[in-house]
Structure formats: structure tokens, C-alpha cells
Amino acid sequence: MTGSGTPSQGKKNKTVHVKCRRCGEKSYHVKKERCSSCGFGDSASRRGYAWQSKSGDN
């Protein structure tokens with residue numbers, strides 16, 4: 001009966017994120033084919049949210 005505790009964490013050594021073609025961040029998910037930083041592969045517009053900047057800043 002294998003648990004998901006500390007010994008199992010050592011097996012997590014596969015490459016999940018690689019460098020994104022659009023933003024250059026190491027956030028492009030290989031299996032999902034989507035960048036978690038800029039949204040490349042999922043949307044034509046850049047990923048960004050209002051909560052990422054202080055309220056009132058323009």
C-alpha cells in the first residue's frame with residue numbers, strides 16, 4: 001500500500017513546464033500545451049487579471 005507522503009515526492013522528476021515561445025517564462029505546460037504565465041496556446045490575447053496590479057494604478 002503506497003501512500004502519497006514524503007517518499008513519493010522523490011518520484012516527481014518529470015519535466016512539466018518548459019520555456020514559453022511568447023513570454024519566455026518557464027511556464028509552458030507540455031501536456032496541456034498552455035502557458036500558465038501569458039496564456040499562450042489557449043488564447044490570442046495575453047493572460048492578465050485586475051488583481052495582478054494595485055487598485056487605482058493605471
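Numbers run from 1 along the shown chain.
Even glycines carry a Cβ here, placed using N, Cα and C.
Per Swiss-Prot, these features apply:
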ZN_FING   20-38  zinc finger
BINDING   CYS20, CYS23, CYS35, CYS38  Zn(2+) binding site
REGION    39-58  region 'Disordered'
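Summarised as a single figure, the pLDDT of the zinc finger (20-38) averages 98.
Annotation for the binding-site residues CYS20, CYS23, CYS35, CYS38: lowest Cβ count within 10 Å of the residue's own Cβ, CYS23.
In sequence order, ARG21, ARG22, GLY24, GLU25, SER27, TYR28, SER36, SER37, GLY39, PHE40, ARG47 are the same-chain residues whose CB sits within 8 A of the CB centroid of CYS20, CYS23, CYS35, CYS38, the residues recorded for Zn(2+) being left out.
DSSP gives CYS35 (Zn(2+) binding site) a strand state.
Secondary structure at CYS23 (Zn(2+) binding site), taken from DSSP and collapsed to helix, strand or coil, is coil.
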